[in-house]
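Sharing the feature lines straight out of TrEMBL:
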ACT_SITE  Lys18  active site, charge relay system
ACT_SITE  Thr64  active site, charge relay system
ACT_SITE  His286  active site, charge relay system
BINDING   Thr64, Asp65, Phe172, Arg189, Val257, Gln258, Asn284  5-hydroxyisourate binding site
BINDING   Thr64, Asn284  O2 binding site
BINDING   Thr64, Asp65, Phe172, Arg189, Val257, Gln258, Asn284  urate binding site
TRANSMEM  320-341  transmembrane segment
Amino acid sequence: MSTNAAELSTLSYAKYGKTNVRVFRIVRGDDGLHTVVEYSVETLLEGDIETSYTEADNSVVVATDSIKNITYFLAKTSPYILSPEKFALHIGTFFSSKYAHIHKVHVTVTQLRWSRITVDGKEHKHSFYRDGDDRRVVKAIVDATAGKHALTATLTSGLTDLLVLKSTGSAFENFYRDEYTTLVPVDDRIFSTSVDLSYTFSDIKLVAPQDEAKTEFQVPLKEGDEGYAGSVWDDGVAERARKATLEVFAVDESASVQATLYKMGQRIIAENAGIKDVSYSLPNKHYIPVDMKYLGIDNLTPYVLSFDPSQSSLRLRFPLFLRLFATFSSLFFSVFICLVVRCPMVYMSSATIVRPRSTRCTRHD
């Protein structure tokens, strides 16, 4: 490299690590009850590592193979493996405490869904099924820049790719119109979206490990303690956030994606005192009715279905509403020959809802 090139550039920021470390853990209870978790873990390190880039000095590099091995070790030994939030903080605490030159650790834990199979009305002790493609995602940053004795953390949790659909209870009317507007107002439509949700907890103060190996991790609040409910230590937050998302989506008479999104975020903040902001991204999955007026058929008005017992047959009372559900190249016909076209174009709505400063909860260290 020429002297001139070296003078014209400098390293401004760097981090490195290991990604896609797959972890599957079985926790066996005394009564034969098994609990399983499956994670994909990413761990990235920041610190005094500049010379590994600028001077090819590998002496400051904790090998990514070692990062993988440490992830496996903590997955086996951590008492908090069943909680992705606590497990992510445990990993970050270990690396930031163990290595003097590492000052900040970024940990992402992505959890796949496994639920118990029900047999004769009872949950089976050791059999599971994948009950959805949505994933729980936790992103933690453990910060030791103020010293190894003064660890702090930020943590964002949530879920991604939660596909939902409601066949009515959604409208979009009274929107701004000008010379570019071709969209027709609709008072009854299919509402489908793939939910991405993230929520950030209030800043976290961690207890530095006291053991020589730095594998210790302390959870400062337990259930029943003041400040526990709705905090990062509360294992019920994720289920409440998912339930709030699904229930608001289902029951809200949606005037728009934005309005429903906001109600979801409001409920999560109201139910979890330790969450300071909530973000949603809701790309609209359009199902657009086909205009069949050229055939003399009204396909734009919801149909009314009736049954005539005397003729033992099904009949449709007009106005007829036919829908064809089309996904890419495949056409699926229902008994009632429904006709709707799946639109490949995507409308995106995203927003962040925050807790007002005047009502933000007090952190309990």
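Start at 1 and count along the chain as shown; that gives each residue its number.
Backbone N, Cα and C define each Cβ position, glycine as well.
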Test of understanding: give the count of other CB atoms lying within 10 angstroms of the CB of Thr64 (active site, charge relay system).
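A 10 Å sphere around the Cβ of Thr64 (active site, charge relay system) contains 16 other Cβ atoms.
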Considering each pair of residues in Thr64, Asp65, Phe172, Arg189, Val257, Gln258, Asn284, all listed as binding 5-hydroxyisourate, report the largest CA to CA distance in Å, no decimals.
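For the residues that bind 5-hydroxyisourate, the greatest Cα distance is 53 Å.
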Fill in the CA-CA distance, Thr64 (active site, charge relay system) to Arg189 (5-hydroxyisourate binding site), as an integer in Å.
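Distance between the two Cα atoms comes out at 50 Å.
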Count the other Cβ atoms sitting within 10 Å of the Cβ of Phe172 (5-hydroxyisourate binding site), across every protein chain shown.
18
Applying a 10 Å Cβ distance cut-off over all chains shown, what neighbour count does Lys18 (active site, charge relay system) have?
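Excluding its own Cβ, the number within 10 Å is 20.
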Across all the protein chains here, work out how many other Cβ atoms are within 10 Å of the Cβ of His286 (active site, charge relay system).
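Excluding its own Cβ, His286 (active site, charge relay system) sees 18 Cβ atoms within 10 Å.
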Using a 10 Å radius around each Cβ and counting other Cβ atoms from all shown chains, which of the binding-site residues Gln258, Asn284 yields the largest count?
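Compared across Gln258, Asn284, the most Cβ atoms within 10 Å surround Asn284.
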Restricting to the chain of Asp65 (5-hydroxyisourate binding site) and a gap of 6 or more, list residues whose Cβ falls under 8 Å of its Cβ, or answer none.
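Once residues fewer than 6 apart are set aside, Asp65 (5-hydroxyisourate binding site) is near Lys18.
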Please report how many Å separate the Cα atom of Phe172 (5-hydroxyisourate binding site) from that of His286 (active site, charge relay system), as a whole number.
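One finds 13 Å between the Cα atoms of these residues.
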